[in-house]
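Record features, source TrEMBL:
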- 1-59: domain 'CBS' (DOMAIN)
- 67-123: domain 'CBS' (DOMAIN)
Amino acid sequence: MKFPIENYCIGTSSTIKEAMKVIDKNLTGGALVVNENNELVGTITDGDIRRAMLKGLSINNSIEGTYFKNFKFVTEEHSKKKAKEYMLSNKIRQVPVIDKDKKLIDLYFLDDILSYDKKDNYVFILAGGLGTRLRPLTETVPKPMLLVGDKPILELIIEQFKEYGFNNFIISLNYKGEIIEEYFEDGKKFGVNIEYIRETKKLGTAGSIALVKEKFIKPFIVINGDILTGIDFEKFLNHHIKNNFNITVGVRDYEVNVPYGVLVTDNMIIESLEEKPTYKFNINGGVYVVNPEVIKYIRKDEVYNMTDLIEDAMNNECKTGIYEITEYWKDIGQIDDYKKANTDIHKFFKL
């Protein structure tokens, strides 16, 4: 439980008087009703209590029949951004969070989500790629500046981070980088701070990080400049810190459907048979949280990728882990991906 349960919850056998005490204490105008298994079964407001007492109930009566069972909620899979949109659309100020077993695990407040604490953790955006698989679209502009909806991919990425309180960005530039720099400048008109690294030669997806290593005092996020995602970046960072990882890789489920029967054999003996199996893999989602102390493994002045950094960190017994991306995710690497992103944008993002 991420909030003081006694301030917001009452049991199903509670009296109206007990409900009033909880509501008076938490100052939200309501309380959450949970059963003995901590399953959320309803909500009760001061308005519900007033109506019950007008019908003749006393403060010593049970709340049974008084609380509202058709309540609004979100599940633990919802990001805080989605919860915010849900609260705004339903004109409510708080919403309970339940797990798959309907157990109460959290309570989101709209005011808290609207005022995310500003974070001084840097976001490092890789925006120097040639975008060859997206030609001819990238013949005149760099890939991160391709429009999805009516905004460049890079602007959507920055807006996503800003939603979660991230305001400090370093963008690594190479191919047609001047277009990016002219558009965003120092970031002030977008409400953020932006610095730039201009690669004079190809350094790979991690090589340019070493050029500004003195900037990184706290864990920082690295993201490819062609990734469109609805990740809760605050949750991502907190997961990294909570698990004491040195590097956390955002991963996405990828399924491979085999349209044939698969035989498992040992020395020509069939041990089992699977008919048209589906295999699931964790694929690299192109977004990472990195601790400053692993930057020392980056080899300077040569092509060095994030996958190299992960392998070197593991070889040096650094704790590396994953974060499962359950929200929207699209790697805009090819023309079909770009078309799909433009179809998805109005469904998954608030423009």
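Note that Cβ sites are derived from N, Cα and C of the backbone, with glycine treated the same way.
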DSSP helix/strand/coil residue counts for the domain 'CBS' (1-59): 23 helix, 16 strand, 20 coil
The domain 'CBS' (1-59) [mean pLDDT, rounded to integer]: 84
Summary of DSSP states over the domain 'CBS' (67-123), given as helix, strand and coil counts: 16 helix, 20 strand, 21 coil
